[in-house]
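Here TrEMBL flags 35-52, 72-94, 106-127, 133-155, 162-179, 194-219, 231-252, 272-297, 328-346 as transmembrane segment.
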Amino acid sequence: MEQESTGSGSSKFSSLQWVFKVKNMAWEAYKSKPFSHWVLLFLSSLGMLVAFPASSLLSRVYFANGGTSKWIISWVAVAGWPIPALILFPMYLFHRTSPTPLSLQLFCSYVFLGFLSAADNLMYAYAYAYLPASTAALLASSSLAFSALFGFWIVNNKLNASVINAIVIITAAMTIIALDSDSDRYPYVSNSQYIWGFVWDILGSALHGLIFALSEWVFIKFLGRRSFHVVLEQQVMVSFCAFLFTTIGVIINKDFQGMTSEAKTFKGGLTAYNLVLIWSVITFQLGVLGATGILFLASTVMAGVLNAVRVPVTSVAAVLLLNDPMSGFKILSLVITFWGFASYIYDTSTG
């Protein structure tokens, strides 16, 4: 009995030690940065955790209510490129900052990232066309693994046991979804379409992780993390390049001509159609702005973690707002995914 009570007391003491350690680490981290840094970090995190899930749900609403064009939903994701520009230009005027000199290497990096972003948006568009929003979001959580791996290879971010543990756990969660594929497939979606939606979602997540790592590399190599206005410059240029690439695709596919007829058959009519597209433009751009801010203020790993944490937010919102099917296996996958995130955050804070 005495040994059991001693063991219990030791466990409580260890827990208290961990709480105090985390508290002290948080306080030291807070003091090490100016208050403006934490305000921007909070707003950037909010953008990722609110705007991105909203954008995902709107993509599913578009396809569920009669939208058919993958190119259009990809196009609206980058059509909001002027939004960060509206924030950027006043910084030039009132804060006496000047645009970053556009070297050939920096220009090429913007064009390349823009092309990758356009391809990434199109992959996710196919995923949301064929998969429920909750399933697509769970599969997209694999971006944490890809962000960590690409961050390790490209910008030498740490890849310790906690990251590897999270990667293995999240991979297990993805496997569970694959084994339970018949439970949430829409009746109008064929088996091959569902499989392709699964594949495009994973490929999009991999590309998403690569974009995170390459964006951080651009900051380090060419921009030097000098101030927040370079974050806005990067987003404006990359989004603008992605907008050009996607617009070319829409024109070649003749989807602009089909928007009028698509709006007429859309559930809720023209007003609902326009609202879905407009809010898709706004929310996606705010989410990307938040992600870019995290890359500047923190690291690829934190951006990957927040990008993955939005998974339970999106999944629960999809079930509540869109009546997404939620089987026992999907719930198990969600729990395992959350466990992977929690394990990563706990191990990192105690490491």
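Indices start at 1 and increase along the chain as displayed.
Note that Cβ sites are derived from N, Cα and C of the backbone, with glycine treated the same way.
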Which listed stretch (35-52, 72-94, 133-155, 194-219, 231-252) has the most C-beta pairs under 8 A with the transmembrane segment (272-297)?
35-52
Residues from the same chain, set at least six apart from the ends of the transmembrane segment (194-219), whose C-beta lies under 8 A from its own:
106, 109, 112-113, 116-117, 119-120, 123-124, 126-131, 136, 139-151, 153-155, 174, 178, 181, 185, 225, 230, 234, 238, 291-292, 295-296, 299-300, 303-304, 307
Long-range Cβ contacts under 8 Å made by the transmembrane segment (231-252), restricted to residues 6 or more beyond its ends, are 69, 71-72, 74-75, 77-81, 84-85, 87-88, 91, 99-100, 110-111, 113-115, 117-118, 121-122, 215, 218-219, 223, 285, 288-289, 292-293, 295-296
